[in-house]
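Swiss-Prot has this to say about the protein:
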TOPO_DOM  1-10  topological domain 'Cytoplasmic'
TRANSMEM  11-31  transmembrane segment
TRANSMEM  34-54  transmembrane segment
TOPO_DOM  55-71  topological domain 'Cytoplasmic'
TRANSMEM  72-92  transmembrane segment
TOPO_DOM  93-98  topological domain 'Extracellular'
TRANSMEM  99-119  transmembrane segment
TOPO_DOM  120-210  topological domain 'Cytoplasmic'
């Protein structure tokens with residue numbers, strides 16, 4: 001399974017995954033409690049500086065991640081402006097940019113196996129109720145991994161459509177995209193079954209899938 005983490009090593013890569021996600025949770029709570037434009041603006045600058053300290057590749061990847069979000073924030077800002085709540089819209093936009101930027105920085109500096117291992121450790125109490133801790137761990141890993149895969153697959157299909165037609169595809173890419181993802185899901189299910197599935201690990205065996 002591929003990871004979204006940057007291949008280069010930075011100071012943030014050396015931090016334990018538990019520490020990074022713990023600090024991320026605290027930062028998210030703090031951002032929700034900041035109610036001033038100056039405070040949220042300062043938070044965005046701090047997140048930008050943090051991302052810049054990770055290197056040029058981190059900056060480029062963060063910009064790619066935030067690009068679709070800018071349009072969503074712009075639409076919300078326009079709506080709030082029409083409602084006479086410009087300050088509220090700006091505050092919301094800054095908060096979202098800071099949160100997503102910070103979460104993206106953690107994702108870029110934490111290899112996927114470390115994320116899976118962390119979630120599996122946190123989910124160990126579920127084993128008392130007969131629920132395998134691997135289920136939430138693998139579920140989160142699949143979501144993180146397949147979101148960019150879905151976007152890349154859509155871009156590939158759209159490029160193939162443009163090579164054959166000058167018309168916009170509109171919803172005509174939905175069927176081939178769905179079938180290709182279902183095929184990937186079948187292969188993923190076979191791979192999971194070959195590695196023991198998601199059942200509770202037996203005693204004496206390693207509980208962290210790699």
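Positions of Cβ are set from backbone N, Cα and C atoms, glycine also.
Residue counts for the topological domain 'Cytoplasmic' (55-71) by DSSP state, with H, G and I taken as helix and E and B as strand, are 16 helix, 0 strand, 1 coil. DSSP assignment over the topological domain 'Cytoplasmic' (120-210) gives 65 helix, 0 strand, 26 coil. Listed as Cβ neighbours of the topological domain 'Extracellular' (93-98) (distance under 8 Å, sequence separation of 6 or more from its ends, same chain) are residues 31-32, 34, 37, 40-41, 43-44, 46-47, 66, 69, 72-73, 76-77. Within the model, the topological domain 'Cytoplasmic' (1-10) carries an average pLDDT of 64. When the topological domain 'Extracellular' (93-98) is classified with DSSP, helix, strand and coil residues number 6 helix, 0 strand, 0 coil.
Counting same-chain residues at least six beyond the ends of the topological domain 'Cytoplasmic' (55-71), those with a Cβ under 8 angstroms from any Cβ of the stretch are 6, 8, 10, 96-97, 100-101, 104-105, 108-109.
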